[in-house]
Amino acid sequence: MVGSLCCGHFSDKYGRKKALMGNCIFMIVGGVVQASVSNVWLFALGRLIAGISSGTATATIGGYINELSPPHMRNTLGLGLQIFTTIGILVPAITFFFANTSSGWRYLAAFPVILAAVYLLLAPSMCVESPAWLLTQGRKEEAKEVIARLYGEEHVQTALSWLEVSKTSAEEGLIDSAPKKESMFAPRYRMQLLGGIMLSCAQQLSGINAVFYYSGSIFSDAGISDSRVGTLIIDFINIWPAFFTGVLANRFGARNMILWGLAGMVVMSIGMTVAFIVDVSVLSIVFTALYVIVFGVTLGPLVWVMTADIFPDSIRASASSLCIGINWLCNLIVGVSYPYVSDALNDYAYVPFVVLLAIFYLLALKLVPETSGKSA
(Lines of atoms letter the chains of each structure in order from A and count residues from 1; the text may use other names and numbers.)
(Lines give C-alpha, C1' and ligand atoms only; values in the text may rest on other atoms or scores of the structure.)
Protein backbone atom coordinates (compact mmCIF):
# COMPACT_ATOMS: atom_id res chain seq x y z
CA MET A 1 0.00 0.00 0.00
CA VAL A 2 2.78 2.43 0.92
CA GLY A 3 4.65 1.67 -2.28
CA SER A 4 1.53 2.19 -4.39
CA LEU A 5 0.69 5.52 -2.81
CA CYS A 6 4.23 6.90 -3.10
CA CYS A 7 5.34 5.65 -6.51
CA GLY A 8 3.23 8.00 -8.61
CA HIS A 9 5.45 10.97 -7.76
CA PHE A 10 8.64 9.15 -8.71
CA SER A 11 7.08 7.69 -11.84
CA ASP A 12 6.08 11.17 -12.99
CA LYS A 13 9.44 12.68 -12.09
CA TYR A 14 11.87 10.03 -13.37
CA GLY A 15 9.76 8.05 -15.86
CA ARG A 16 8.15 4.62 -15.77
CA LYS A 17 11.25 2.70 -16.82
CA LYS A 18 13.51 4.25 -14.19
CA ALA A 19 10.84 3.89 -11.51
CA LEU A 20 10.60 0.15 -12.17
CA MET A 21 14.38 -0.22 -12.26
CA GLY A 22 14.68 1.64 -8.96
CA ASN A 23 11.98 -0.58 -7.52
CA CYS A 24 14.23 -3.58 -8.16
CA ILE A 25 16.48 -2.32 -5.36
CA PHE A 26 13.59 -2.74 -2.92
CA MET A 27 12.92 -6.23 -4.31
CA ILE A 28 16.54 -7.25 -3.82
CA VAL A 29 16.92 -5.77 -0.34
CA GLY A 30 13.57 -7.16 0.82
CA GLY A 31 14.35 -10.63 -0.52
CA VAL A 32 17.84 -10.75 0.95
CA VAL A 33 16.67 -9.60 4.39
CA GLN A 34 13.80 -12.12 4.53
CA ALA A 35 15.93 -15.03 3.35
CA SER A 36 18.89 -14.38 5.63
CA VAL A 37 17.60 -13.28 9.03
CA SER A 38 16.36 -15.32 11.99
CA ASN A 39 14.95 -12.44 14.03
CA VAL A 40 11.21 -11.94 13.60
CA TRP A 41 11.47 -8.14 13.67
CA LEU A 42 14.15 -8.09 10.99
CA PHE A 43 12.04 -10.49 8.95
CA ALA A 44 9.08 -8.12 9.34
CA LEU A 45 11.33 -5.31 8.08
CA GLY A 46 12.17 -7.41 5.03
CA ARG A 47 8.47 -8.03 4.44
CA LEU A 48 7.83 -4.30 4.68
CA ILE A 49 10.49 -3.52 2.08
CA ALA A 50 9.23 -6.31 -0.19
CA GLY A 51 5.69 -4.99 0.24
CA ILE A 52 6.80 -1.54 -0.91
CA SER A 53 8.24 -3.12 -4.05
CA SER A 54 5.03 -5.07 -4.71
CA GLY A 55 2.89 -1.97 -4.30
CA THR A 56 5.13 0.04 -6.59
CA ALA A 57 5.09 -2.66 -9.25
CA THR A 58 1.31 -3.08 -9.28
CA ALA A 59 0.72 0.68 -9.41
CA THR A 60 3.27 1.31 -12.17
CA ILE A 61 3.19 -1.67 -14.52
CA GLY A 62 -0.46 -1.32 -15.55
CA GLY A 63 0.00 2.28 -16.65
CA TYR A 64 3.34 1.51 -18.30
CA ILE A 65 1.82 -1.27 -20.42
CA ASN A 66 -1.12 0.98 -21.27
CA GLU A 67 1.17 3.73 -22.53
CA LEU A 68 3.17 1.33 -24.70
CA SER A 69 0.11 -0.36 -26.24
CA PRO A 70 -2.12 0.74 -29.12
CA PRO A 71 -5.72 1.33 -28.02
CA HIS A 72 -7.11 -1.79 -29.69
CA MET A 73 -4.62 -4.06 -27.86
CA ARG A 74 -4.69 -2.59 -24.35
CA ASN A 75 -7.27 -5.06 -23.05
CA THR A 76 -5.12 -7.96 -24.27
CA LEU A 77 -1.62 -6.74 -23.39
CA GLY A 78 -2.76 -5.34 -20.05
CA LEU A 79 -3.74 -8.83 -18.91
CA GLY A 80 -0.11 -9.77 -18.41
CA LEU A 81 -0.09 -8.17 -14.97
CA GLN A 82 -2.98 -10.32 -13.74
CA ILE A 83 -1.76 -13.51 -15.42
CA PHE A 84 1.70 -13.33 -13.91
CA THR A 85 0.29 -12.25 -10.55
CA THR A 86 -1.82 -15.41 -10.47
CA ILE A 87 1.19 -17.49 -11.53
CA GLY A 88 3.13 -15.84 -8.71
CA ILE A 89 0.40 -16.96 -6.30
CA LEU A 90 0.33 -20.50 -7.67
CA VAL A 91 4.09 -21.19 -7.64
CA PRO A 92 4.47 -20.91 -3.83
CA ALA A 93 1.39 -23.13 -3.39
CA ILE A 94 3.13 -25.79 -5.50
CA THR A 95 6.49 -25.44 -3.78
CA PHE A 96 4.91 -25.95 -0.36
CA PHE A 97 4.61 -29.64 -1.28
CA PHE A 98 8.37 -30.18 -1.65
CA ALA A 99 9.86 -27.22 0.23
CA ASN A 100 7.95 -27.81 3.44
CA THR A 101 11.06 -27.79 5.62
CA SER A 102 12.40 -25.52 8.30
CA SER A 103 14.41 -23.58 5.71
CA GLY A 104 12.41 -24.12 2.49
CA TRP A 105 10.58 -20.82 2.85
CA ARG A 106 13.89 -18.97 2.56
CA TYR A 107 14.21 -19.99 -1.08
CA LEU A 108 10.79 -18.55 -1.82
CA ALA A 109 11.67 -15.32 -0.05
CA ALA A 110 14.89 -15.03 -2.05
CA PHE A 111 13.37 -15.77 -5.48
CA PRO A 112 12.40 -12.11 -6.18
CA VAL A 113 16.11 -11.28 -5.99
CA ILE A 114 16.62 -13.34 -9.15
CA LEU A 115 13.69 -11.66 -10.91
CA ALA A 116 14.96 -8.19 -10.00
CA ALA A 117 18.49 -9.02 -11.16
CA VAL A 118 17.19 -10.31 -14.51
CA TYR A 119 15.12 -7.16 -14.99
CA LEU A 120 18.06 -4.88 -14.18
CA LEU A 121 20.18 -6.83 -16.65
CA LEU A 122 17.68 -6.77 -19.53
CA ALA A 123 15.76 -3.52 -19.03
CA PRO A 124 18.46 -1.09 -20.27
CA SER A 125 18.47 -2.69 -23.72
CA MET A 126 15.00 -4.25 -24.02
CA CYS A 127 12.68 -1.77 -22.29
CA VAL A 128 11.85 1.70 -23.56
CA GLU A 129 10.63 4.74 -21.74
CA SER A 130 6.93 5.51 -22.05
CA PRO A 131 6.41 7.80 -25.06
CA ALA A 132 3.40 9.29 -23.29
CA TRP A 133 5.59 10.28 -20.34
CA LEU A 134 8.23 11.72 -22.66
CA LEU A 135 5.58 13.89 -24.30
CA THR A 136 4.40 15.18 -20.93
CA GLN A 137 8.01 16.25 -20.32
CA GLY A 138 8.16 18.10 -23.64
CA ARG A 139 10.62 15.55 -25.10
CA LYS A 140 8.81 14.97 -28.38
CA GLU A 141 11.83 13.89 -30.44
CA GLU A 142 12.73 11.19 -27.91
CA ALA A 143 9.10 10.09 -27.90
CA LYS A 144 9.20 9.78 -31.69
CA GLU A 145 12.31 7.60 -31.47
CA VAL A 146 10.61 5.30 -28.96
CA ILE A 147 7.45 5.09 -31.07
CA ALA A 148 9.52 4.30 -34.17
CA ARG A 149 11.22 1.47 -32.26
CA LEU A 150 7.89 0.10 -31.05
CA TYR A 151 5.74 0.48 -34.14
CA GLY A 152 8.02 1.42 -37.04
CA GLU A 153 8.83 4.79 -38.63
CA GLU A 154 5.71 4.70 -40.79
CA HIS A 155 3.41 4.65 -37.75
CA VAL A 156 4.95 7.51 -35.73
CA GLN A 157 2.29 10.10 -36.55
CA THR A 158 -0.51 7.61 -36.03
CA ALA A 159 0.83 6.67 -32.60
CA LEU A 160 1.27 10.33 -31.66
CA SER A 161 -2.43 10.81 -32.28
CA TRP A 162 -3.18 8.28 -29.50
CA LEU A 163 -1.22 10.21 -26.93
CA GLU A 164 -2.39 13.14 -24.89
CA VAL A 165 0.00 15.50 -23.08
CA SER A 166 -2.48 17.31 -20.85
CA LYS A 167 -5.83 18.94 -21.45
CA THR A 168 -4.50 20.50 -24.67
CA SER A 169 -4.93 18.14 -27.59
CA ALA A 170 -2.38 17.39 -30.25
CA GLU A 171 -4.82 18.63 -32.90
CA GLU A 172 -4.50 22.14 -31.51
CA GLY A 173 -0.81 22.03 -32.31
CA LEU A 174 0.35 22.56 -28.76
CA ILE A 175 1.93 19.16 -28.17
CA ASP A 176 5.39 20.80 -28.17
CA SER A 177 4.47 23.38 -25.55
CA ALA A 178 6.06 23.39 -22.11
CA PRO A 179 4.78 20.53 -19.98
CA LYS A 180 2.00 21.46 -17.61
CA LYS A 181 1.43 19.63 -14.37
CA GLU A 182 -2.20 18.73 -13.79
CA SER A 183 -3.88 17.57 -10.60
CA MET A 184 -5.83 14.35 -10.51
CA PHE A 185 -8.24 16.15 -8.15
CA ALA A 186 -9.19 18.71 -10.80
CA PRO A 187 -12.98 18.88 -11.31
CA ARG A 188 -12.67 17.66 -14.91
CA TYR A 189 -11.23 14.35 -13.67
CA ARG A 190 -13.64 13.80 -10.79
CA MET A 191 -15.68 11.07 -12.47
CA GLN A 192 -12.60 9.19 -13.71
CA LEU A 193 -11.05 9.28 -10.24
CA LEU A 194 -14.24 8.10 -8.55
CA GLY A 195 -14.55 5.34 -11.14
CA GLY A 196 -10.96 4.20 -10.60
CA ILE A 197 -11.34 4.19 -6.82
CA MET A 198 -14.64 2.31 -7.09
CA LEU A 199 -13.07 -0.36 -9.31
CA SER A 200 -10.17 -0.84 -6.89
CA CYS A 201 -12.52 -1.14 -3.93
CA ALA A 202 -14.81 -3.53 -5.81
CA GLN A 203 -11.95 -5.84 -6.76
CA GLN A 204 -10.88 -6.39 -3.17
CA LEU A 205 -14.14 -5.92 -1.24
CA SER A 206 -15.76 -8.52 -3.50
CA GLY A 207 -14.38 -11.00 -0.97
CA ILE A 208 -12.03 -12.74 -3.38
CA ASN A 209 -9.09 -12.70 -0.99
CA ALA A 210 -11.22 -14.17 1.78
CA VAL A 211 -11.46 -17.20 -0.52
CA PHE A 212 -7.72 -17.24 -1.24
CA TYR A 213 -6.66 -16.69 2.36
CA TYR A 214 -9.12 -19.11 3.97
CA SER A 215 -9.99 -21.63 1.22
CA GLY A 216 -8.39 -24.41 3.29
CA SER A 217 -11.35 -24.47 5.69
CA ILE A 218 -13.84 -24.81 2.81
CA PHE A 219 -12.04 -27.85 1.43
CA SER A 220 -11.45 -29.22 4.91
CA ASP A 221 -15.21 -29.34 5.42
CA ALA A 222 -15.42 -31.28 2.15
CA GLY A 223 -13.12 -33.95 3.54
CA ILE A 224 -9.77 -32.75 2.15
CA SER A 225 -7.61 -32.77 5.25
CA ASP A 226 -4.49 -31.20 3.69
CA SER A 227 -5.15 -27.46 3.49
CA ARG A 228 -2.40 -27.12 0.87
CA VAL A 229 -4.52 -29.10 -1.60
CA GLY A 230 -7.45 -26.71 -1.30
CA THR A 231 -5.20 -23.71 -1.69
CA LEU A 232 -3.54 -25.24 -4.74
CA ILE A 233 -6.89 -26.00 -6.40
CA ILE A 234 -8.16 -22.44 -5.96
CA ASP A 235 -4.87 -20.91 -7.11
CA PHE A 236 -4.81 -23.16 -10.18
CA ILE A 237 -8.39 -22.28 -11.12
CA ASN A 238 -7.54 -18.58 -10.75
CA ILE A 239 -4.96 -18.57 -13.57
CA TRP A 240 -6.90 -19.69 -16.63
CA PRO A 241 -9.87 -17.30 -16.89
CA ALA A 242 -7.65 -14.28 -17.58
CA PHE A 243 -6.42 -15.86 -20.83
CA PHE A 244 -9.93 -15.42 -22.26
CA THR A 245 -10.52 -11.90 -20.94
CA GLY A 246 -8.88 -10.05 -23.82
CA VAL A 247 -11.04 -11.68 -26.48
CA LEU A 248 -14.21 -11.26 -24.44
CA ALA A 249 -13.48 -7.62 -23.53
CA ASN A 250 -12.75 -6.74 -27.16
CA ARG A 251 -15.98 -8.45 -28.18
CA PHE A 252 -18.35 -7.19 -25.48
CA GLY A 253 -16.50 -4.21 -23.97
CA ALA A 254 -14.62 -3.93 -20.69
CA ARG A 255 -17.45 -2.03 -19.00
CA ASN A 256 -19.98 -4.76 -19.77
CA MET A 257 -17.51 -7.37 -18.54
CA ILE A 258 -17.16 -5.53 -15.23
CA LEU A 259 -20.94 -5.29 -14.82
CA TRP A 260 -21.44 -8.95 -15.70
CA GLY A 261 -18.64 -9.90 -13.33
CA LEU A 262 -20.19 -8.03 -10.41
CA ALA A 263 -23.61 -9.54 -11.12
CA GLY A 264 -22.14 -13.03 -11.51
CA MET A 265 -20.24 -12.77 -8.25
CA VAL A 266 -23.43 -11.73 -6.46
CA VAL A 267 -25.08 -14.92 -7.70
CA MET A 268 -22.09 -17.11 -6.79
CA SER A 269 -21.78 -15.52 -3.33
CA ILE A 270 -25.45 -16.26 -2.68
CA GLY A 271 -24.86 -19.83 -3.88
CA MET A 272 -21.87 -20.19 -1.54
CA THR A 273 -23.93 -18.89 1.38
CA VAL A 274 -26.80 -21.30 0.67
CA ALA A 275 -24.32 -24.18 0.34
CA PHE A 276 -22.79 -23.29 3.72
CA ILE A 277 -26.24 -23.09 5.35
CA VAL A 278 -27.48 -26.45 4.03
CA ASP A 279 -24.01 -27.90 4.70
CA VAL A 280 -23.46 -29.47 1.29
CA SER A 281 -19.68 -29.51 0.87
CA VAL A 282 -19.72 -30.34 -2.84
CA LEU A 283 -21.92 -27.32 -3.56
CA SER A 284 -19.58 -25.15 -1.50
CA ILE A 285 -16.64 -26.20 -3.65
CA VAL A 286 -18.59 -25.76 -6.92
CA PHE A 287 -19.83 -22.26 -6.10
CA THR A 288 -16.41 -21.27 -4.76
CA ALA A 289 -14.77 -22.43 -7.99
CA LEU A 290 -17.37 -20.60 -10.12
CA TYR A 291 -16.92 -17.49 -7.98
CA VAL A 292 -13.16 -17.55 -8.62
CA ILE A 293 -13.70 -18.14 -12.36
CA VAL A 294 -16.10 -15.19 -12.69
CA PHE A 295 -13.66 -12.98 -10.80
CA GLY A 296 -10.72 -14.26 -12.83
CA VAL A 297 -12.29 -13.38 -16.17
CA THR A 298 -13.71 -9.97 -15.15
CA LEU A 299 -12.71 -7.97 -12.08
CA GLY A 300 -9.39 -9.72 -11.57
CA PRO A 301 -7.65 -8.66 -14.79
CA LEU A 302 -9.83 -5.80 -16.03
CA VAL A 303 -9.52 -3.58 -12.97
CA TRP A 304 -5.76 -3.28 -13.59
CA VAL A 305 -6.38 -2.47 -17.26
CA MET A 306 -9.20 0.01 -16.71
CA THR A 307 -7.53 1.76 -13.79
CA ALA A 308 -4.78 2.81 -16.17
CA ASP A 309 -7.05 3.30 -19.18
CA ILE A 310 -9.59 5.74 -17.76
CA PHE A 311 -7.00 8.41 -16.94
CA PRO A 312 -5.23 10.69 -19.43
CA ASP A 313 -1.45 10.54 -19.68
CA SER A 314 -0.94 13.72 -17.66
CA ILE A 315 -2.38 12.24 -14.44
CA ARG A 316 -2.18 8.48 -15.07
CA ALA A 317 0.75 7.74 -12.75
CA SER A 318 -0.52 9.76 -9.78
CA ALA A 319 -4.16 8.68 -10.17
CA SER A 320 -3.27 5.00 -10.66
CA SER A 321 -0.97 5.24 -7.64
CA LEU A 322 -3.86 6.44 -5.48
CA CYS A 323 -6.31 3.85 -6.82
CA ILE A 324 -3.94 0.91 -6.40
CA GLY A 325 -2.97 2.14 -2.94
CA ILE A 326 -6.66 2.03 -2.00
CA ASN A 327 -6.81 -1.41 -3.60
CA TRP A 328 -4.11 -2.67 -1.23
CA LEU A 329 -5.84 -0.99 1.73
CA CYS A 330 -9.06 -2.85 0.94
CA ASN A 331 -7.05 -6.06 0.62
CA LEU A 332 -5.67 -5.46 4.11
CA ILE A 333 -9.13 -4.75 5.51
CA VAL A 334 -10.53 -8.02 4.14
CA GLY A 335 -7.53 -10.06 5.26
CA VAL A 336 -7.68 -8.73 8.83
CA SER A 337 -11.44 -8.53 9.32
CA TYR A 338 -12.74 -11.67 7.62
CA PRO A 339 -11.84 -14.15 10.42
CA TYR A 340 -13.85 -12.00 12.86
CA VAL A 341 -16.74 -11.67 10.40
CA SER A 342 -16.68 -15.43 9.85
CA ASP A 343 -16.73 -16.13 13.59
CA ALA A 344 -19.62 -13.71 14.10
CA LEU A 345 -21.78 -14.71 11.13
CA ASN A 346 -20.75 -18.35 10.66
CA ASP A 347 -22.52 -19.66 7.55
CA TYR A 348 -23.65 -16.14 6.64
CA ALA A 349 -20.10 -14.77 6.46
CA TYR A 350 -20.39 -13.96 2.73
CA VAL A 351 -23.60 -11.94 3.09
CA PRO A 352 -21.64 -8.67 3.59
CA PHE A 353 -19.85 -9.34 0.31
CA VAL A 354 -23.18 -9.95 -1.45
CA VAL A 355 -24.38 -6.54 -0.25
CA LEU A 356 -21.13 -4.82 -1.25
CA LEU A 357 -21.12 -6.43 -4.70
CA ALA A 358 -24.69 -5.24 -5.30
CA ILE A 359 -23.73 -1.71 -4.26
CA PHE A 360 -20.67 -1.76 -6.51
CA TYR A 361 -22.84 -2.91 -9.42
CA LEU A 362 -25.09 0.13 -9.02
CA LEU A 363 -22.09 2.44 -8.70
CA ALA A 364 -20.44 0.92 -11.77
CA LEU A 365 -23.52 1.74 -13.86
CA LYS A 366 -22.84 5.41 -13.13
CA LEU A 367 -19.07 5.67 -12.75
CA VAL A 368 -17.41 3.17 -15.08
CA PRO A 369 -16.94 4.32 -18.70
CA GLU A 370 -16.28 2.11 -21.69
CA THR A 371 -12.54 2.18 -22.50
CA SER A 372 -12.08 -0.71 -24.93
CA GLY A 373 -10.36 0.44 -28.12
CA LYS A 374 -10.33 4.08 -27.05
CA SER A 375 -7.41 6.40 -26.30
CA ALA A 376 -7.19 8.09 -22.92
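Keep in mind that glycine also has a Cβ here, set from the backbone N, Cα and C atoms.
Per TrEMBL, the features are:
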DOMAIN    1-372  domain 'Major facilitator superfamily (MFS) profile'
TRANSMEM  20-42  transmembrane segment
TRANSMEM  48-65  transmembrane segment
TRANSMEM  77-99  transmembrane segment
TRANSMEM  105-122  transmembrane segment
TRANSMEM  193-214  transmembrane segment
TRANSMEM  229-250  transmembrane segment
TRANSMEM  257-278  transmembrane segment
TRANSMEM  284-305  transmembrane segment
TRANSMEM  317-338  transmembrane segment
TRANSMEM  350-368  transmembrane segment
List, by number or range, the same-chain residues at least 6 past the transmembrane segment (77-99) whose CB is under 8 A from its CB atoms?
-> 58, 61-62, 65-66, 68-69, 105, 107-108, 212, 228, 231-232, 235-236, 238-239, 242-243, 245-246, 296, 300-301, 304-305, 308-309
Tell me, please, if the transmembrane segment (193-214) and the transmembrane segment (48-65) are in contact, taking contact as 3+ Cβ pairs under 8 Å between residues separated by 6 or more positions?
-> no
Cβ pairs under 8 Å between the transmembrane segment (48-65) and the transmembrane segment (317-338), at least three | yes
Among the recorded stretches 105-122, 284-305, 317-338, which has the greatest number of Cβ pairs closer than 8 Å to the transmembrane segment (229-250)?
-> 284-305
Are there at least 3 C-beta pairs under 8 angstroms linking the transmembrane segment (105-122) and the transmembrane segment (350-368), leaving out pairs fewer than 6 apart in sequence?
-> no
Same-chain residues at least 6 beyond the ends of the transmembrane segment (105-122) whose Cβ lies under 8 Å from its Cβ atoms | 20-21, 24-25, 27-28, 30-32, 34-36, 46, 50, 53, 92, 95, 99
For the domain 'Major facilitator superfamily (MFS) profile' (1-372), what is the mean per-residue pLDDT, to the nearest integer?
-> 84
